[in-house]
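Single-structure report; data block below.
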Amino acid sequence: MNIFRLAGDMTHLLSILVLLLKIYATKSCSGISRKTQELYAIVFLARYLDLFTDFISVYNTFMKVVFIASSLAIVWCMRVHPMVRRSYDKEIDTFRYYFLIAASFVLALLLHEKFTFQEVFWAFSIYLEAVAILPQLVMLQRSGNVDNLTGQYVFFLGAYRGFYILNWIYRYLTEPRFTRWIACVSGVVQTALYADFFYYYFISWKNNSKLKLPE
């Protein structure tokens, strides 16, 4: 494992911890897209089908369990927890995310590295993760004002993909048979989706003002 991969994993983990802090400390999920969280739960369940069949390392297994468990816990809170679910902004979280699921699955059937059950679902998870943030970004644009914890959550989530791009570049330069082109292309697309958010996040940080996204 290289430093960029580790930084990406830790930043991803930090984004989840920030979101969990927001939900459990404030008993509110205001400003958080439940549809994005459900997409991430699908992403991790599809990607880690090998959890009980292929052992790589204790670290790898631990991170898989953490990502699956945390994503399911967040969805459970937003759907079932009596206090948290009342704060869910259903009226502005209206992105038709089932189109993203269908398109990602069809793309995985057409473009994959090996036509096996696990590889197709791995490709599906990569394609779906690339666009899973869309409902959240659309929701933030519709709401206008973004609270501090929600802004930090989205920022760390975007930073995680940025570190992974550096990880792929490093692996391409140092590994003779690095072939994960699906992850590389999808990661670039995913990071590009954050460009507008990063711009306004930087402006907010520079001016020491509340983060606002234009509608």
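Placed from the backbone N, Cα and C atoms, the Cβ positions cover glycine too.
Long-range neighbours of the transmembrane segment (56-76) within the same chain, counting only residues 6 or more positions beyond its ends whose Cβ lies under 8 Å from a Cβ of the stretch, are 1, 9, 12-13, 16, 19-20, 23, 34, 37-38, 40-41, 43-45, 48. Feature annotation from TrEMBL assigns transmembrane segment to 56-76 (among others).
According to TrEMBL, the transmembrane segment annotation covers 97-115 (among others).
Taken from TrEMBL, the feature transmembrane segment covers 121-141 (among others).
Counting residues 6+ beyond its ends, the transmembrane segment (153-173) has Cβ neighbours under 8 Å at 2, 4-5, 7-9, 11-12, 14-15, 18-19, 22, 32, 133, 136-137, 140, 146, 180, 183-184, 187-188, 190-191, 194, 197-198, 201 in the same chain. For 153-173 (among others), the entry in TrEMBL reads transmembrane segment.
Among residues of the same chain six or more beyond the transmembrane segment (179-202), those with a C-beta under 8 A of the stretch's C-beta atoms are 111-113, 123, 126-127, 129-131, 133-134, 137, 140, 151, 154-155, 157-158, 161-162, 164-165, 168, 171-172, 211-214. As annotated by TrEMBL, transmembrane segment applies to 179-202 (among others).
Here the transmembrane segment (97-115) has long-range neighbours at 35-36, 38-39, 42, 121, 123-124, 127-128, 131-132, 134-135, 179-180, 182, meaning same-chain residues at least 6 beyond its ends whose C-beta is under 8 angstroms from one of its own.
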